[in-house]
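Taken from TrEMBL as is:
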BINDING   B:D77, B:D79, B:D81  Mg(2+) binding site
BINDING   B:C78, B:C94, B:C101  Zn(2+) binding site
DOMAIN    B:30-103  domain 'Phosphoribosyl-AMP cyclohydrolase'
2 protein chains.
Amino acid sequence: MEFDPESLKFDSNGLIPCIAQDVDTREVLMMAWMNAASVARTLGSGKVTYWSRSRQAFWVKGESSGHAQTLAELRFDCDRDCLLALVRQVGPACHTNRRSCFYTAVRGGAEVEIMEPVAD
Amino acid sequence: MEFDPESLKFDSNGLIPCIAQDVDTREVLMMAWMNAASVARTLGSGKVTYWSRSRQAFWVKGESSGHAQTLAELRFDCDRDCLLALVRQVGPACHTNRRSCFYTAVRGGAEVEIMEPVAD
């Protein structure tokens, strides 16, 4: 069946969450949002392209930082309301320069940072 | 620093997305939603407990299906607006009886099912 980005289920703002996972290490890198047009751009260009809610603009990951995400495969879930992008990540995915945005764990009731920023 | 579920950033419905990842295989299993109380219950009980938006009730994963998720570790992202639960999953995570909800890939412009339901 041909895939149509409009067939996904978007929230009231026209957005769908997209989880980015490193295709090789399987590390979950980040979660950000896409609209139908950014899904189409991601598939068309192979460059993972989110929708920035703060800037209300396309956000080609790494365009300014150089920390690009190349799409290996796009998947979606049974409810068609969440995306999983398997990516090849250049450098850190997080704006704090950590490999993943999920660098804080809850251990013994306390917040623990489990990941150091990558050296430039 | 002590962790307070209320310190997370919830959306206008009081919810935060939670990605469930198999702690051993690193497979992304599903994404569902939590409110502050379900985060607290998950940490307190070790049973991953979402908030069902359709039923407007706590959803202890696997309580009716038997396909429970035991929490290995809870993490959150740099913006404190997304959770990552590392879990031990009994049986399939998806209500379609597939191991993961992300069983459909976009390949060559078409929807392709890449995962079979698990035999009971």
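From the backbone N, Cα and C atoms, a Cβ is placed for every residue, glycine too.
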Number of other Cβ atoms within 10 Å of the Cβ of B:C78 (Zn(2+) binding site) across all protein chains: 17
Local confidence of the domain 'Phosphoribosyl-AMP cyclohydrolase' (B:30-103) - pLDDT mean: 97
Neighbouring C-beta atoms (10 Å sphere around the C-beta of B:D79 (Mg(2+) binding site)): 14
Residue distribution over DSSP helix, strand and coil in the domain 'Phosphoribosyl-AMP cyclohydrolase' (B:30-103): 10 helix, 29 strand, 35 coil
Other CB atoms within 10 A, centred on B:D77 (Mg(2+) binding site): 25
Cα distance (Å, whole number) from B:C94 (Zn(2+) binding site) to B:D77 (Mg(2+) binding site): 24
Cα separation, B:C101 (Zn(2+) binding site) to B:D79 (Mg(2+) binding site) (Å, whole number): 25
